[in-house]
Amino acid sequence: MAIHVDETNQTFHLQTDHTSYIFQVLAHGILGQVYYGKKIHVKPQYNELLKRELKTDTPAYSLDEPRFQIGDLKQEYSDTGTGDFRRPAYQVTQSNGSRITDFKYDHYEVVQGKQRLAGLPSTFDDTDDGAETLIVHLTDELIQLDLELNYTVFPHQDVIVRSANFKNHGVEPVALNAALSAQLDLPDKQYDLIQFAGTWARERHLVRTPLRSGIQAIDSVRTTSSPQQNPFMMLARPQTTDDRGEVFGFNLVYSGNFLDQVEVDQWNVSRVLVGINPAEFEWQLAPDKAFQTPEAVMSYTPDGMNQLSQQMAAFYGEHLVDVKYRRMERPILVNNWEATYFDFNDEKLLNIAKQAKKLGIEMFVLDDGWFGHRNDDHTSLGDWFVDPKKLPNGVGAFADEVHDLGLKFGLWFEPEMISMDSELYQKHPDWLIHVPKRRATPGRNQYVLDFSRPEVVDAIYAMMSKVIQDTKLDYIKWDMNRYITEMYSTALPADRQLEMPHRYILGVYNLYERLTKAYPDVLFESCASGGGRFDLGMMYYAPQAWTSDDTDAVERMKIQFGTSYGYPQAMMGAHVSAVPNEQTGRITPLETRANVAFYGAFGYELDISKMSDQEADEVKKQVAFYKQHRSLYQFGKLYRMDSPFDGDGNVMSWLVVDEQQAHAIATRYQVLNHPNAPYERLYLRGLDPDKQYRVNDSTETYYGDELMNAGIVIGSEFDDTAAVKNSADFSSRRFMIDAVQ
Ligand code: GLA
C-alpha cells in the first residue's frame with residue numbers, strides 16, 4: 001500500500017519504496033504540507049512538524065484565531081489575496097472581478113493504478129506496477145467551483161506525479177489566470193537550484209546556483225519548452241554531488257510555455273511551483289466545464305544525482321514512454337541532412353542508402369527538402385507531397401527502393417509550419433498564425449499554422465497519412481523550427497486569445513495522438529531545431545528526440561552530459577557527422593565522434609557514400625560493435641563520473657552498466673592533450689564490489705570495489721586504443737568491463 005490516510009487526523013502519507021510525502025487538512029479545510037523526503041514511519045499525525053509561532057505583521061485567518069496565519073503556512077496548493085503574499089498555485093477571476101477564493105477540503109478517494117489524461121500526454125501504469133492515485137476534492141461553495149488535486153504514487157521508482165483539475169459546477173463562468181500543476185513548500189532554503197540552460201546548438205548546459213531570498217524562476221513563453229531553459233530542474237543540498245547527497249527533481253509532462261519557480265520567503269520556506277506559465281495564459285471556464293493541468297513529476301533521493309537520474313529514467317521507461325519502446329533497441333540510422341542539405345536527387349540518396357546497407361546501418365532517413373518545391377528554407381512547408389524534380393517516381397517508389405535494400409525508411413516532416421510560398425498558403429492564408437492587419441513575424445523564413453483549429457490539424461493529418469501509407473513508413477522526424485510570434489487565433493473570441501498557447505499545444509498533441517494510434521509501427525523522433533522541445537510531453541509520443549543540431553563531439557559531451565540529468569540515453573538522438581564539423585569547424589577523430597554518439601539513439605549524418613575505404617571500414621566496425629552493446633548503451637544504468645561542467649571542463653567520463661552488474665562500458669573523453677600530464681584515475685561506479693572483472697580483456701582480474709575505490713590509472717596498460725597511442729586532442733578511451741564468469 002502506497003497511500004496511507006488517517007481519517008481522524010485527516011493526514012495523507014504517500015509512501016514510495018524510499019520516500020515519504022505527507023500533508024494534512026488544517027483548520028478551515030486548508031491543506032498543509034508536512035514533509036517530503038526520505039521515508040519515515042506512518043503515524044496518525046505529525047503535529048510537531050506543523051507548529052507555528054504567532055508572527056507579527058502577518059494577517060490572521062479571523063479575529064478569533066490570531067494564531068492561524070496562512071502567510072506562515074506550508075501549503076499544498078495556495079490561493080491569492082487572503083494573507084499569503086507568496087506567489088500562488090492558481091488564480092481564478094470571477095464574474096464580479098474578484099480573484100478571492102475559499103477552497104475547503106471536502107473528501108478524498110484512493111484509486112488503484114493511474115489513468116491516462118484525455119488529450120494530454122500523461123503517465124500511466126499499464127503493468128500493475130503498484131501505482132496508487134489519491135484524489136483530494138476541495139470546493140469553493142460560493143461559486144461552486146471544485147478543485148481536484150491528483151497525486152499518483154509510483155512506489156518502485158520513488159516518483160510522485162501531481163496535477164490539478166478545476167471543475168465549474170456553478171452558474172457563472174470563471175477565468176483561470178494561473179493553474180499550476182504542483183506546489184511544494186520546503187522548510188528551509190539550503191538548496192542549490194540546478195537548471196539546464198542554453199540556446200540553439202548549445203542545449204541543456206548545467207547551471208548551479210544557491211537559492212537566495214525572493215523569487216528565482218526559469219520559464220518559457222516561446223510556446224515550446226525551449227532550448228533556453230528546460231522544464232527539468234533539481235534542488236540539491238549544497239554538498240550534493242552525482243554520488244551522494246539529497247536532491248529533488250521536478251519536471252513537467254508538457255511541451256509549451258512552462259514555469260519552474262522557487263520563492264524563498266522571509267522564514268526561509270522555499271516554495272516550488274511547477275506548471276503552465278501563468279504569463280501568456282488564461283482559460284475561460286464556463287459552467288459544467290473542467291480544466292485539467294498537465295502533470296508534474298517529482299522525485300527525491302538522499303543518494304545523489306546519479307541515483308535521481310536513474311530513478312527518473314526508470315520511471316519514464318516504465319510509465320511514460322509507449323510500452324512497446326520500453327526496451328526496444330532503436331535502429332541505427334543514416335540521415336541525409338548534413339550529407340546533402342536540400343541538394344539531392346534519388347540517385348544521390350540511393351548511393352547513401354546502398355552504402356548504409358553495406359556498413360550494417362539499419363534505416364535511411366530522408367530529411368528536409370523532399371516535398372513541394374523546397375530547395376531552400378523559404379518554401380513549401382505545408383505541401384506534404386513529393387517534389388517530382390527530386391524523386392521523379394514519387395516518394396512511395398523511392399521508399400520501396402530503400403525497403404528493397406533491406407533498410408527501414410524514415411521521413412522528415414515539419415507538420416506545424418507553413419511557408420507563404422506554398423499551395424497550402426494559397427488556399428488557406430488565414431491558417432497562418434497572425435493578427436489581422438498587422439505584420440506577421442517570420443522565423444527561419446517561415447510561419448506557424450493555427451493548430452488550435454481542428455480543421456487545420458485534420459488537413460495536416462490527411463496529408464501525412466497519405467505519405468505514411470504510400471511509403472509504408474517506419475520512422476518520422478517531426479521537426480519544429482521556430483518560436484511562435486503574434487500568438488492569436490482568428491477562430492477564437494477576444495476573451496479567449498490567452499488560451500491560444502495551450503490550445504496550440506493541445507492541437508499538436510492531438511495530431512501526435514491520432515498518428516501514433518493510426519500508425520502504431522511508426523517510430524517518432526521529435527526535434528525543434530535540434531533540442532528545442534526536449535521534454536516529457538514529447539517523450540510520451542516520440543520516444544526519441546534530436547538532442548542538438550550541434551553534432552561536434554566536444555560540444556556534444558556537454559550537451560549529452562547535461563541532458564542525462566533529466567532524460568534517459570535511449571531518448572537522445574546522437575549522430576556521427578563529418579569533419580570539419582559543420583557547426584564548429586572542429587576536427588575530431590572518428591573514434592571519438594562514435595564514442596560520444598554511442599551513449600544515445602545512434603546514427604550517422606554525413607555522406608557515407610564518399611568516405612575513404614579506411615573510414616568505411618572503421619564505420620562498419622563501429623556499427624557492428626554498437627549492435628553488440630546497443631542495449632547496454634541505450635538502457636543500461638548511467639553513472640556520470642567526471643563532469644565537463646567542473647573545473648576547466650577538460651575531462652568528461654561516464655559509464656553504463658547492465659542490471660546484473662556483469663557488463664559495463666566506461667568512456668573517458670579528453671578535450672585537449674597536455675604534455676607530461678599528471679597521473680589521473682578513473683573511479684568506476686555501479687559495479688558489484690564482490691565480483692571480479694576484466695578490463696578490456698585484461699588477463700588480470702579486479703574486484704568491483706577495487707575498480708570503484710582505487711580506480712583505473714589513466715595511461716596504464718588498459719589503454720589500447722589508437723587515440724591513446726596518438727595521445728591526441730579530442731581523444732576518447734573506452735573501457736569494457738566484464739565480470740569473470
Ligand atoms: C532543423 C533540424 C535539423 C534538420 C533541419 C532541416 O534544423 O534540427 O536536424 O532536420 O531542420 O531543415
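Each Cβ is built from the backbone N, Cα and C atoms, and glycine gets one as well.
Record note: TrEMBL gives Trp200, Asp367, Asp368, Lys477, Trp478, Asp479, Met480, Asn481, Cys527, Asp549 as substrate-binding, and the candidate from Arg222, Arg444, Arg453 in that site is Arg444. Confidence for the domain 'Glycosyl hydrolase family 36 N-terminal' (30-286), expressed as mean pLDDT, is 97. Counting only same-chain residues six or more apart in sequence, the Cβ atoms lying under 8 angstroms from the Cβ of Trp200 (substrate binding site) belong to Pro227, Ser529, Gly530, Gly532, Asp549.
Taking Cβ-Cβ distances under 8 Å and a sequence separation of 6 or more, the neighbours of Asp368 (substrate binding site) in its chain are Trp337, Tyr341, Phe342, Arg374, Asp377, Trp412, Glu414, Asp479. Under DSSP, Asn481 (substrate binding site) is assigned to coil, being neither helix nor strand in the three-state scheme. The substrate site in the record is lined by Trp200, Asp367, Asp368, Arg444, Lys477, Trp478, Asp479, Met480, Asn481, Cys527, Asp549, and its two most distant CA atoms lie 19 Å apart. Packing around Asn481 (substrate binding site) is summarised by its Cβ count: 22 other Cβ atoms lie within 10 angstroms of its Cβ, all protein chains included.
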